[in-house]
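S.K.: Encoded as structure tokens, here's the structure I'll be asking about.
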Amino acid sequence: MARRFLAVLAVALALLQAASAKSWLDKRFNTDGTVRTGYDASGQEVVMLNLNQQSGAAGFNSKEQFLYGEFSIQMKLIPGNSTGTVSCFYLSSGDDEWRDEIDMEFMGNSSGHPVVLNTNVWANGDGKKEHQFDLWFDPAADYHTYTIIWNPENILFKVDNLFIRSFKRFGGLPYPSSKPMRLHATLWDGSYWATEKGKIPINWSNAPFVVSYRNFYANACVSGGACHAGSDSWMKKQLDGAEWGTVKWAERSYMRYNYCDDGYRFPQGLPAECSRY
């Protein structure tokens, strides 16, 4: 009996130590709205954003600002009918009209329909640069890893081990390069926009809506400070031939929208970078 008790105690202490070692929310982020935490069986801290009609949006926002870096997190999205909801992982320099921003936004959908991942880049307040993809897996069934790599030459978007987009820097065109940005994760009511261009609003009878985050990672240059060790792995990162192959695969098989194909939206001509890829 004593041995069994000691064994249980040892396991509990191990999980507690692991949880303490891997706790990242309080150390690196401030929170808004209804944010709950827990730990999975491996001791990983799990952060759960909760949305209902009374509580409103929820999120966590980095205490530090960054100028270039690699950022990733594992997310498990809302199961079932998530129409009208938007779950995000993004960088932003602020809320002003000249802001820079790098977005990964997951737009909820009806049960059985694909969740749409909207990637976008804002530079000096211009944000009409969306690539949207139907996810090729159920993002609510398990955790998947979403990554943003931001360096002076390009912005790369990655899902699990697959690159799906490269936004290149071109001379003379706006690019996020001088405004430090905070990292954010949010869950909010995007009924006016998220699902089929706002045709299907959020159904509050399905609330609360919950998105889970774990295993946050950042290797980045802190504004006003030094870059973390190992920054060379992302600071000079550009896609090789095989990685461009996964981008083309994602575009060919799962792309829902490409701003460079939307002549109706740009009657005066497509944005200049569209002709340079």
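We count from 1, first residue shown onward.
Including glycine, each Cβ sits where the backbone N, Cα and C put it.
Unlike curated entries, TrEMBL annotations are predicted automatically.
The model shown is predicted, which means the values in this text are computed figures rather than measured ones.
According to TrEMBL, the protein has these features:
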SIGNAL    1-21  signal peptide
DOMAIN    20-213  domain 'GH16'
ACT_SITE  Glu101  active site, nucleophile
ACT_SITE  Glu105  active site, proton donor
CARBOHYD  Asn109  N-linked glycosylation site
S.K.: What are the sequence-distant neighbours of the residue listed as 'active site, proton donor', meaning same chain, six or more residues apart, C-beta distance under 8 angstroms?
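M.R.: Non-local contacts for the residue listed as 'active site, proton donor': Val86, Ser87, Cys88, Tyr90, Leu117, Asn118, Thr119, Asn120.
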S.K.: How many Å separate the Cα atoms of Glu101 (active site, nucleophile) and Asn109 (N-linked glycosylation site)?
M.R.: 24
S.K.: Let me check the 10 A CB neighbour count of Asn109 (N-linked glycosylation site). How many other CB atoms are there?
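M.R.: The Cβ of Asn109 (N-linked glycosylation site) has 22 Cβ neighbours within 10 Å.
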